[in-house]
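Copied over from TrEMBL:
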type	residues	note
DOMAIN	B:98-164	domain 'HMA'
TRANSMEM	B:182-198	transmembrane segment
TRANSMEM	B:218-239	transmembrane segment
TRANSMEM	B:251-267	transmembrane segment
TRANSMEM	B:279-297	transmembrane segment
TRANSMEM	B:432-452	transmembrane segment
TRANSMEM	B:464-490	transmembrane segment
TRANSMEM	B:752-768	transmembrane segment
Amino acid sequence: MRILLLLIPISLVLLGVAIAAFVWAVKRGQFDDLDTPALDILEDDDRPAPPRTQPREGGPPPP
Amino acid sequence: MAAALAMPATAFAAGHCHHCGEALPANARVVELDGQARSFCCQGCAAAAEWIAQADLDGYYRLRSAAAGKVGEELPDLAVWDRADVQAEHSRAIEGGREITLLTDGMRCAACAWLIDRALAREPGVVDCSANAVTGRIRITWDPSRTALSVPLRRLAMLGYRPYLAGSEALERERTRERRRWLLRLGIAGLGMFQAMMMAEALYLDFDSTMPEATRDFFRWLTFLLCAPVVFYSGWPFLAGAARELRERRLGMDFLIASSTLLAYFASLVETIRGGPHVWYDAAVMFVFLLLAARMLEQRARSVASAQVDALARARPAFATRELGDGRRETVPLSLLAPGDVACVAAGEAVPADGVLLGDEAWFEEALLTGESAPVRHVPGDTVYAGTVCRERPARLRVTCTGTATRLSQLARLVEQAQAHRPALARLADRVGSRFVMTLLPVAALVFAGWWHWQPGRALEVTLALLVISCPCALSLAVPTALAAAHGALARTGLLAMRPDAVDTLARATDMVFDKTGTLSDGRPVLASVEVLAAGLERDEVLAIAAALERDTGHPLAAAFAAAASSLVAGSVEAVPGRGVQGVVGGRSWHLGRADFAAGREDDGALWLGDGVVAAARFVLEERARPDAAQALAALRAQGLRLHLASGDGEAAVARLAVGLGLDQRHARQSPEDKLALVRRLQADGRIVAMIGDGLNDAPVLAGADVSIAMGQGASLAHRAADLVTTGEGLLRIPAAVAVARRTRAIVRQNLAWAAAYNVLAIPLAAAGLVTPWIAALGMALSSLLVTLNALRLARQAPLPASGDNAGSPMSGEARA
């Protein structure tokens, strides 16, 4: 039973780590929106940025 | 995601705008994208789609599960967002720039959030951004030294997402904090529960009591420490709720939960100290965790409701135009408008504050305040109210009341109260729950006394088991979870419930009354025939005159004449509400409208052109039924509903549509009062009436019906009169909503029946001492879980309307007839 003296502190430390990780994730907003990030991996995002122009002829008139 | 891939191709097929899915007008724009010709309903949609293609973001069209919002031709004036005072109140300085949270409409699915993220990230000067499709909020961090805020916002508006102010910065942060606090409570309760269970399990598995007492006590003390945060941090909402109930001198669910938890916790502590045979920490934590999970479900339903309140907030103007002493005008945030200022309101805009009308007479639509749908004429000196919509002609007013002092704010508070108000069904469950607690406590006391008499050692344990197992969570959970799931399912079919009772009443509805224009028909009349009555005029001429008169009114009828090319210009055009338009074309004064107004004849439902006395031409306009109207009505009839058509239009037009759709109960030339009387007659016969209208000229009858559905046509304030508002225009969502509502009612009944049966069985068992506290906690938990899962079936089986969906664009739903 002496092994408990080692195992129980370990389990408590792990619990502490789990809670800390959870708190960190909540504070960082990881759970705020569960749908949008799922779309990220479906689309490559490393394509070049578009030309920086307002839409050409026919764009809505600037206000 | 499945929904995104299963989106019916028809929704974006020919005849519908590639971007927003709306039906194409006659002058649709065709743009070549990726080698394919695409049609668009307006310049704005075309420009948005072009930019999306250029930016290589066309994945958006594959990912989306709902059509985008219509962009429209005009971008809003965004310069106000750059003002220092707006930014001071609504944004905050952070490292590397400033951060603002804003609301937008038109975010319908995760793909929108994806598109906004990408589009904004490519704007120079934008440091970080995140869009949340669930809450409709966008957080933007930008570097003020590199870009003005209005630049990225213009991009956003160009894509069809108009920005709106989202309350103050402090309020927004409080909202986020609250949501995260609930998540933390649940997470900590879960982690703590599992750890405490592990210890408890070790104690339970010690069947032959070979564990040294020191080890046992060590385990117990550890569990005591592990449970403390669960009981006091995670369980705080229950403790606080119980304290509130005690202060209000009533006993409710929170009291029962808190007392059972604290009893289990402190009784275990006493046992731990004196080395008794049993501890019940596990029951306490399990109780807290499971009930917290149930509360989270209820919270979710409420967050849907608060998103609706935000949608209403958008109906209020955020900025006002103030006239300075020297006649110049400036746009200011609403908060800067003070009594005594002169405010200018453009035609079609909402009045920003209560005030006294200056200058010319003007018309205001006061449907929100009075239920009167036709614009009301006001002369200088009259009081006009914030939130009423200025019609026909711009107005100036001297501000008297602003902010919370306005009539509008008083009304808004009423709406919020109505929303905070719990549904009758839930109130019933609460009342039953409260009575239950009142009877249970004496029973528990009796059981304790009985066991104390026979077997004092087990008295505490048995009483605890009784309290835990009989906790009527299933009862208190049955309704909220079912309603939460139903509201979610309704939102997915495209209906937002504005009143808590709406779902229940919709399920019981026996009759359905439809408005015609804008509800069953698409509100875009086409010219069916032209009859020239005056000598010396050609068909083309009268069409050209009518087109010139209608061109700038923005009235739905104008579209019918849009095809007639007209080089004529109309002068001094004036709309006469409810009757027609008058103006000068080619040197002659013309009236266009009802027969009595234009030609001095008896009104026959057709549109007449004349000089007010003599007729020049008669136009017959026809409205087409919405493409899915026949199918939707057939589905409703199959659900056993009696259908009625009530319209303000003439008999001929109503009959044509009713016959086409197979509606036999039809009522023509109905004023709002007549419609209301019709509904009252049906109600007097014991029918439960659902009214479906376009929410503007139907405000009184929408409010008078048992349950009402307003077709979503932009942010009309009159939507507040309705119980449910559709987010698009497809009619098939109505039979779908009826089906969801009926299933909700069935499931609530099943849940209540289960809760009753469970308690009848469990309480005698517990009182007889056959249940230990942890089995009681498990039994209670399983019962709650069963109720929750049963309710969640509603969310899973949500049917999607199969037809294309016209995105609710902010167009005016004005109807003249």
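Positions of Cβ are set from backbone N, Cα and C atoms, glycine also.
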Averaging the per-residue pLDDT over the domain 'HMA' (B:98-164), what integer do you get?
84
Could you pull out which residues elsewhere in the chain have a CB under 8 Å from any CB of the transmembrane segment (B:432-452), counting only those six or more residues past its ends?
250-253, 255-256, 458-460, 462-463, 466-467, 470, 472, 475-476, 759, 763, 767, 769
Tertiary contacts of the transmembrane segment (B:182-198), defined by C-beta under 8 angstroms and 6+ residue spacing from its ends, are 223, 226-227, 229-230, 233-237, 281-282, 285-286, 288-289, 292-293, 295-296, 299
Any contact, the transmembrane segment (B:279-297) to the transmembrane segment (B:752-768), with at least 3 Cβ pairs under 8 A
no
With DSSP, how much of the domain 'HMA' (B:98-164) is helix, how much strand and how much coil, in residues?
21 helix, 22 strand, 24 coil
